[in-house]
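> Sending over a structure as structure tokens; questions will come in a sec.
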């Protein structure tokens, strides 16, 4: 046992560890999920439940993950098995969730890489609709939607009508998928010796135009009406859970390479606050870009209405400016209301354009790409934006892969002499399914339902932590030199377990009330998850050689411990 501990790799310095944890925690969700929740729930009003959840759920659970990983110096499965043989399932759940997320998360990086490569063009390929076959006009499907949506849904994904129609492999995405997994492999080839060199990246700053209203949208508070909605509190607590990458096992793996007497409490508070501040900074930037886009959309809407008025009432060209439009329209509504009503003018309220929200891939690949088109030097901004997304997602991939590799190495399931090409190759084969025409639908299913499995691990983790709080506090005091204060003891034993149990029950209730569904290219179509049950078979078959190996390994370990007349928990440090 001592020999295994001595041979365990370690970080070169504290900064590598902190930046790796920050890079794992700060991911794509900070860019396209947190701003969406802020806009949906009244800007600054959402920050109240967000910071309450951070204080009483996020930081305590994050501190606990760093502490147990540092004290026991094992991966997620080994940590929970050491604490109690009956908790091995929690570690296996962390391993399972990280494996699933690692498979589909790199597909998002594939799409980002595809857009990044296409950004080195002027004009950008999504700036205009492509010509039709006769070159006498533009593609009808593109004209019915927009050039940005057409490039995303048709030229990039080439999506099918529903999930049952798998289609064929998109070879341009397949090449980008190979490149993405190759980059991941090169960065994890030597474990933390290479992943530790990665620095946490920050979103590229977009100068907010004068009419963007980005910070003002974030700081606008509509309490207490918004705070009376229980869904606001549920989404805030869930956002904290996913934003800090809790119950994934990555932070446990990272902290296991720390010195035993490192101050993990200070690390937990620092990383959690940096993660939240990054989310706030990203929200300001996103609101700035959304405000810039809303101002442009509002101006074009006014121009279309002005053109209708000029043609209908024979006004001279350019006789009506955007600033004069409201006064002219009000005068015409008084003098000739029938003619104005017959024009079918659009409603051009700036607030309506500002209230339009988007999240996920819709924000990155549709809203942002359209906003970039209206910026001076659009290709340069596109390169910066998608380069930032790629590096941001790549640092999160390192944590996911470490959460998978560390338990396999610690338990001897995958010997250290086995090249990591085996693991990355298996993950690559499992993710090929997402390069099909229906791959976007499968990824949305994975993202909505598979990634939420770690919510089921929270109540079990907290229940066990509350039972072992006294012994756990002794270990924290040994590592940090100070016994945990009343705040930590109360949150570990009472507050956090109740919060997590409430989130879990609410999540199950939402799943029971709303049937599983996914969004399709046709906005009128919502398909249930009733596709071919065998369609995902190859993916799951390739993705799951590990649980069976882990089960067999646990049986061998239990038999060996029985032969040595030892109890499983005797090998732990607690």
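Cβ atoms are placed via backbone N, Cα and C, with glycine included.
Annotation source TrEMBL lists transmembrane segment at 17-35, 41-62, 83-105, 169-189, 232-257, 269-292, 381-401, 490-513. As annotated by TrEMBL, Na(+) binding site applies to 23, 25, 26, 30, 243, 275, 392, 396.
Context for these features, please: burial, neighbours, distances.
Packing around residue 23 (Na(+) binding site) is summarised by its Cβ count: 22 other Cβ atoms lie within 10 angstroms of its Cβ, all protein chains included.
Panel annotation: around the transmembrane segment (381-401), residues 20-21, 23-28, 30-31, 98, 101-102, 105-106, 108-109, 112-113, 115-116, 119-120, 124, 183-184, 187-188, 195, 198, 200-204, 206, 245, 248, 250-251, 253-254, 364, 368-369, 372, 375, 423-424 of the same chain, lying at least six beyond its termini, place a Cβ under 8 Å from a Cβ of the stretch.
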> Using a cut-off of under 8 Å between C-beta atoms, tell me which stretch among 17-35, 169-189, 232-257 contacts the transmembrane segment (269-292) the most.
17-35
> Near the Cβ of residue 30 (Na(+) binding site), how many other Cβ atoms are there if near means within 10 Å?
25
> Six or more residues beyond either end and a Cβ under 8 Å away: which residues meet both conditions relative to the transmembrane segment (232-257)?
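Counting only partners 6 or more residues beyond its ends, the transmembrane segment (232-257) has Cβ contacts under 8 Å with 8-11, 17, 20-21, 24-25, 27, 29-30, 33-34, 37, 41, 45-46, 49-50, 52-54, 57-58, 61-62, 65-70, 72-76, 79, 91, 93-95, 97-98, 101, 192, 226, 264, 267, 271-272, 275-276, 279, 396, 399-400, 402-407, 451, 454-455, 457-458, 461, 499, 502-503, 506-507.
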> List nothing but the one residue from 25, 26, 392 whose Cβ has the fewest other Cβ atoms within 10 Å; the candidates are the binding-site residues.
392
